[in-house]
Amino acid sequence: MSKGLLIVLSGPSGVGKGTVCNQLRQRLPELVYSVSATTRQPRLGEENGVNYFFKSREQFLEMIENDQLLEHAEYVGNFYGTPRDFVEQTIESGKDIILEIEVQGALKVKEKFSEGIFVFLLPPSLDELKGRIQGRGTENQATIDHRMSVAADEISLLENYDYAVVNDEIDLACQRIQSIITAEHCKVRKKL
Ligand SMILES: Nc1ncnc2c1ncn2[C@@H]1O[C@H](COP(=O)(O)OP(=O)(O)OP(=O)(O)O)[C@@H](O)[C@H]1O
Ligand SMILES: Nc1nc2c(ncn2[C@@H]2O[C@H](COP(=O)(O)O)[C@@H](O)[C@H]2O)c(=O)[nH]1
């Protein structure tokens, strides 16, 4: 049996990774989603084990210590990380898995899984990006400013990715990513 694909969807905060990922999962019900661990406080409506595994700082550091994370990063004052076993077991079982993670973490995954498919989601403009984070209404202004202040640096790392997808319209962005997944499945020569 061939292994599943590891798809990493990354990009600045507010670009629409979560929105696009949710719609992709509806279009591709067999696509497995990697639930991350974080020390961030849950937002209204977020559920432990569904949106994230919510951890204390101590619990998160213990996960790092025990090598339970494939990658982790500190992003705007909180830790985020990808549980390793679930990802590895899913790929081994032949299923595709998608990670929705920020840029530092994505580049760490690339060091370990160069055969992964690295997709960078871009906003139509920085003004639109700011409007989306503000419109979501989940962060205070200081956090929005902090997230926006790292967005340009994150976008400057685009060249490390395999694909750039503009999230102008959700449907179109999903179609583009679906096409990428289909093409990767048809590839004759896989990446080393
Ligand atoms: N193509 C789009 N057009 C307009 N609004 C969009 C589009 N995609 C997403 N949005 C909106 O932008 C906001 C941010 O989207 P989302 O939470 O999915 O971003 P994110 O990249 O996952 O953010 P974060 O990294 O902070 O978790 C949401 O309110 C969402 O509804
Ligand atoms: N490096 C990682 N980044 C992750 C992971 N899970 C989520 N994220 C990214 O963090 C930011 C902020 O998320 P938010 O839910 O607080 O808005 C965003 O870019 C997420 O994609 C992870 O496991 N590792």
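Cβ coordinates come from backbone N, Cα and C, glycine included.
Bear in mind that TrEMBL entries carry predicted annotations, made automatically and left uncurated.
Per TrEMBL, ATP binding site is recorded for G11, P12, S13, G14, V15, G16, K17, G18. The feature domain 'Guanylate kinase-like' is assigned by TrEMBL to 4-182.
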Quick test of your reading of the structure: among the binding-site residues P12, S13, V15, G16, K17, G18, whose CB sits under 6 A from ligand 2?
S13, K17
Counting other Cβ atoms within 10 Å, pick out the least crowded of the binding-site residues G14, G16, G18.
G18
List of residues, in chain order, with Cβ under 8 A from that of K17 (ATP binding site) and at least 6 apart:
L9, S10, G11, E100, L121
Cβ packing number for V15 (ATP binding site), 10 Å threshold:
27
Would you identify which of the binding-site residues G11, P12, S13 has the most other C-beta atoms lying within 10 angstroms of its C-beta?
G11
Quick check: in three-state DSSP terms, what is G11 (ATP binding site)?
coil
Looking only at DSSP and grouping its letters into three states, which state does G18 (ATP binding site) belong to?
helix
